[in-house]
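Input: a single structure, listed below in structure tokens.
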Ligand code: NA
Ligand code: NA
């Protein structure tokens, strides 16, 4: 009965348009009241859920993203991407994806990517005659690239949830090849959809123009080097690198580009507050919701069920993937990682799956979950940027889901895609 | 009714603005504290022992104050699929139900946040030395603001004024 | 079949000695109550970190939790005494003290905070390890950057020893030692092994500066709901789980030590602890501030 109240209230509130964070919080509150447990626990979980030092990477990367957007770094990266791939079929769609690859090397958050790259690309795409749903679909799914490429705070959260033993540098490195595979898969789909819908291409600007744009984007590209180099060499801890990203973005925009007037700085700060408060309130409320799931032993029951079904590693990984996809549609990424890692990881390891490889599978899988309704933070950000209702985006997003799922299957069953690159640094 | 409400709405607008600026200041302070930690550790070579808990304090403030303003400005993620097929009157009613339960949750944040603060006030945070209960103060103030802003939304809707939703810009009166 | 299911929280992973001990305790209780009362263990911090589960237990949201003494230091004065560096001469000394009247006194101090202290578990002794050199004297430790937990006593201890206390999240210790951001950390042998830190910090000096027991506490609300007879069964089963836990712990410590030695780590036992203990005078002066604490320190030191 308790579980019916928890899920029933959650779904009802979601349907009547209550903000997702509050759907999670209120359904937990209602369940606890029904059970006669002290309601204190819901608010304690909410507070503890957001009082985690490792989570600070999220506001920092979002803040850095906002500063880069307001202070021109992001625009220059997008311009460079535009010159490189704009002439392909579905031009600005391809640019959107490549820009996510570049921006993803700076930002660890899919939501930040969707708002930063999407914020620049979607209006341009609409102006050039691309349908809003196409622009949003690409913006949303290509944002997963940002959490696959370093830096990725979800990899950090996974490392901590796995007991703090896994090297964050290894996890960062392991995500690189899958991240690029995803980019290529999405570019192929974008190409086909664009051909079907007859979208235009941009003229090729010539090598000289590319050279000039490359020079102007160098400070942004250096930031990619600082973040990855710093963490890979282990000089900076992952949480420190996100802070350095903010300071660096501030210094570059103020002193190199001289493109950040006070007004824009205030706007970037308030923008970061809005986005971060929204994202982290979801995480806090999901922590309360997740606590109740753990209290009712829901994850443990899922695992017990899976173990009775099969002992074949290929099937087990498939089932874990399906379970994660299902959970990912209903919950947000960070708390899910925290909750399911201690449960799924030992099973995966018992079947000989490397924990770094499993981390890549999980982050990619839950990344796809960020783009699916009903709880898909990135989907919401993308729709907000594109100013279309969620159902309109979801109606045509299937080819992009399909491409992501194909990459997920490849990453799941070919461990070398994740493990080969980190092995080079040993 | 609208005229009186517009005065009230302007007051709430000022309150939201101030809250947002405090929130932004906390984000900047958090950035500064962690930057100072990085500077001390890598440039000076010694650590500030209290930087981490202090930064976490600032994070609590900017998230929960920012989230409260979010209920007023409607920038929290929400999902309007079912409502597309319903008549306007029903949609308005359901949105009011939604604002009402959000307000109730805000009341819970306020009341139980206060209770949590009271019950944990006697122990102190390591290295920072503040009472543990201070952790819950953002929840208390944030909750209070959620109640106020949800109440304002209910009144505005009743008076036929705009209540911003996810993806829309708030129109200040 | 169970009329009452007691929910018990732990942050350690499944299979850890404290978890096995609470499961064992649950079996005893189930047997002695004809299956009326059961215990369900939530491992791996599923219900939250220690600070959270302590609050949940106090509020009666969950029934039991296994926790370190550290989080109680600023709440329950008496618990502070076991967190003092070098207060116990050895693990055997700690066990003798905690099994006796002093241990009972500290357990009783939980009650005004809505908690029933049931039993102490062993967490071994914490010692220093580092990547630089074997530590045999204070001079070797001087200016070393050592990661410590967020705690006033531990930070003051490092200051008094002349080292540089560096608070870092546990998960960042490995790479920080690897790259020289810090020189080392401190922990008990099983954690030294399971964290993999021995791979990057091979010098482990058995100085045993902290021998802090862990506690199993029950919510007073849940405890009061039980009949007097059942309360006694719970208390007794908790006590009986202790030797079981200690045996598992000893096994684990032995296995960990063998593993790190085989991997090339060096365990340094040749150390004169006297100067380390003498250096603690200012730490004791700062933290042993009340008559209750002074009395406890004296009695612990007087215990053979
Ligand atoms: Na990234
Ligand atoms: Na994109």
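Backbone N, Cα and C define each Cβ position, glycine as well.
Taken from TrEMBL, the feature domain 'TRAP C4-dicarboxylate transport system permease DctM subunit' covers A:7-417.
What TrEMBL records for A:47-65 (among others) is transmembrane segment.
Feature annotation from TrEMBL assigns transmembrane segment to A:77-95 (among others).
The transmembrane segment feature in TrEMBL is assigned to A:134-151 (among others).
Under the heading transmembrane segment, TrEMBL lists A:171-194 (among others). With a cut-off of 8 Å between Cβ atoms, the residues of this chain six or more beyond the transmembrane segment (A:171-194) that come close are 85, 88-91, 93-94, 96-98, 100-101, 104, 134, 138, 141-142, 144-145, 147-152, 155-156, 158-159, 228, 231-232, 238, 356-357, 359-360, 363-364, 399-400, 402-404, 406-407, 410-411, 417-422, 425.
Away from its own ends, the transmembrane segment (A:206-231) comes close to residues 68, 73-74, 76-77, 79-80, 83-84, 102, 105-106, 150-151, 168-169, 172, 237-238, 240-241, 244-245, 248-249, 252, 256-257 of its chain (Cβ-Cβ under 8 Å, at least six residues beyond either end). According to TrEMBL, the transmembrane segment annotation covers A:206-231 (among others).
Per TrEMBL, the feature transmembrane segment maps to A:243-260 (among others).
When Cβ-Cβ distances below 8 Å are used as the criterion, the transmembrane segment (A:272-296) is approached by residues 2-3, 6, 10, 20-22, 24-25, 27-29, 31-32, 41-43, 45-50, 55, 58-59, 62-63, 65-67, 109, 111-112, 115, 331-332, 334-336, 338-339, 375, 377, 381 of the same chain, each at least six residues removed from its ends. Taken from TrEMBL, the feature transmembrane segment covers A:272-296 (among others).
Sequence-distant contacts of the transmembrane segment (A:302-327) (same chain, six or more residues past either end, CB-CB distance under 8 Å): 336, 340, 343-344, 347-348, 351-353, 361-362, 365-366, 368-369, 372, 408, 412-413. For A:302-327 (among others), the entry in TrEMBL reads transmembrane segment.
Marked as transmembrane segment by TrEMBL: A:358-385 (among others). Listed as Cβ neighbours of the transmembrane segment (A:358-385) (distance under 8 Å, sequence separation of 6 or more from its ends, same chain) are residues 11, 14, 20, 110-111, 114-115, 118-119, 122, 136-137, 139-141, 143-144, 147-148, 152, 154-155, 158-159, 162, 166, 171, 174-175, 178, 182, 275, 279, 282, 317, 320-321, 324-325, 327-333, 336-337, 340-341, 344-345, 348-349, 392-394, 397, 400-401, 404-405, 407-408, 411-412, 418.
Outside the transmembrane segment (A:397-421) by six or more residues, the chain places 133, 137-138, 140-141, 144, 173-178, 181-182, 185-186, 188-189, 192-193, 314, 317-318, 321, 353-354, 356-357, 360-361, 364-365, 368, 371-372 with a CB less than 8 A from a CB of the stretch. Annotated transmembrane segment per TrEMBL: A:397-421 (among others), in sequence order.
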Need one number: mean pLDDT over the domain 'TRAP C4-dicarboxylate transport system permease DctM subunit' (A:7-417).
85
Cβ pairs under 8 Å with the transmembrane segment (A:77-95): which stretch of A:47-65, A:134-151, A:243-260 has the most?
A:134-151
May I ask for the residues of the chain that lie six or more residues beyond the transmembrane segment (A:243-260) and have a Cβ under 8 Å from a Cβ within it?
56, 60-61, 63-64, 67-68, 70-73, 106, 151, 219-220, 223, 226-227, 230, 236, 268
